[in-house]
Amino acid sequence: MHPARPALWAAALTALTLLRGPPVARAGAGAVGAGPVVRCEPCDARALAQCAPPPTAPACTELVREPGCGCCLTCALREGDACGVYTERCGTGLRCQPRPAEQYPLKALLNGRGFCANASAASNLSAYLPSQPSPGNTTESEEDHNAGSVESQVVPSTHRVTDSKFHPLHSKMEVIIKGQARDSQRYKVDYESQSTDTQNFSSESKRETEYGPCRREMEDTLNHLKFLNVLSPRGVHIPNCDKKGFYKKKQCRPSKGRKRGFCWCVDKYGQPLPGYDTKGKDDVHCLSVQSQ
């Protein structure tokens, strides 16, 4: 595997794509949907000149761009292949997603326990969406849709006849009242969640000591990403952690446009091990290194 491919940017990209949905935008491209936007450096001729020749058929049936902000081409994974943060991308029409039985989807992707599956909305979201409400219940989404429908009736239109049963002023008041009720409910939920967080602070602090240093760094980084509208590939590094929360032997930085990625070896506390070039162009093998 090329040192640029285990790009840790794939953690943020895959997680955001799976759980939040926004696409990744290159520099100059417009953001679609909500969520952070990753602005990558352009893949110009200088960056492409540093790429190795792409694999050829029959070993490779489809070429895709390497994960993160890399510019080189690599083989795409096929449907059913194992995937995750440190793997190549899935092929066209596929998406790397955790298995339905996974209790911690993001952690599964970080540990490479995902699989390439059809990217249709039904297959991706069925395991994460709540069960459909009974006919007598109305969800907030339905209320928003109904409110929007009522509000659209208020707007004059030459192509629509206003129903005499719905007076424009009365309909507009219903929209306002529903909006105020939703805001009040949201405030109540937020207040109750804050109270619960305060009560559980001591227990969370106690559990935090059980996590390894890599796990704590990774969670701090991901929590920080939630509040960013624009992500800079230069300033974010998501560590490679083992199941116990300690650092894996091999850590990598992703490619950044014309700048190639690199890897280095560390002990389980994240300290670089001597004798390994941290910015070498060749792949770094840490399998024989004992992380003590």
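Cβ from N, Cα, C; glycine included.
If you look up Swiss-Prot, you'll see 1-27 marked as signal peptide, on the strength of experimental evidence. Positions annotated as domain 'IGFBP N-terminal' by Swiss-Prot: 36-119. Residues or ranges marked as disulfide bond in Swiss-Prot: Cys40-Cys69, Cys43-Cys71, Cys51-Cys72, Cys60-Cys75, Cys83-Cys96, Cys90-Cys116, Cys214-Cys241, Cys252-Cys263, Cys265-Cys286. As annotated by Swiss-Prot, N-linked glycosylation site applies to Asn118, Asn124, Asn137, Asn200. What Swiss-Prot records for 127-161, 191-211 is region 'Disordered'. Residues or ranges marked as compositional bias 'Polar residues' by Swiss-Prot: 129-139, 192-203. Taken from Swiss-Prot, the feature phosphoserine covers Ser149, Ser202. According to Swiss-Prot, the feature domain 'Thyroglobulin type-1' maps to 211-286, an assignment based on sequence analysis.
Separation of the C-alpha atoms of Cys263 (disulfide bond) and Cys286 (disulfide bond): 10 Å, rounded to the nearest whole number. The Cβ neighbour count for Cys40 (disulfide bond), using a 10 Å radius over every protein chain in view, is 22.
Listed disulfide-bonded residues near Cys96 (disulfide bond): none (candidates Cys43, Cys69, Cys71, Cys252; Cα-Cα distance within 10 Å). Under DSSP, Cys75 (disulfide bond) is assigned to a strand (E or B) in the three-state scheme. Considering only the disulfide-bonded residues Cys69, Cys265, the Cβ with the fewest other Cβ atoms within 10 Å is that of Cys265. Note: Cys241 (disulfide bond) has non-local neighbours Leu110, Gly212, Cys214, Arg215, Met218, Tyr247, Lys248, i.e. same-chain residues 6+ apart with C-beta under 8 A of its own C-beta. When the disulfide-bonded residues Cys40, Cys75, Cys83, Cys90 are ranked by how far their Cα is from the Cα of Asn118 (N-linked glycosylation site), Cys90 comes first.
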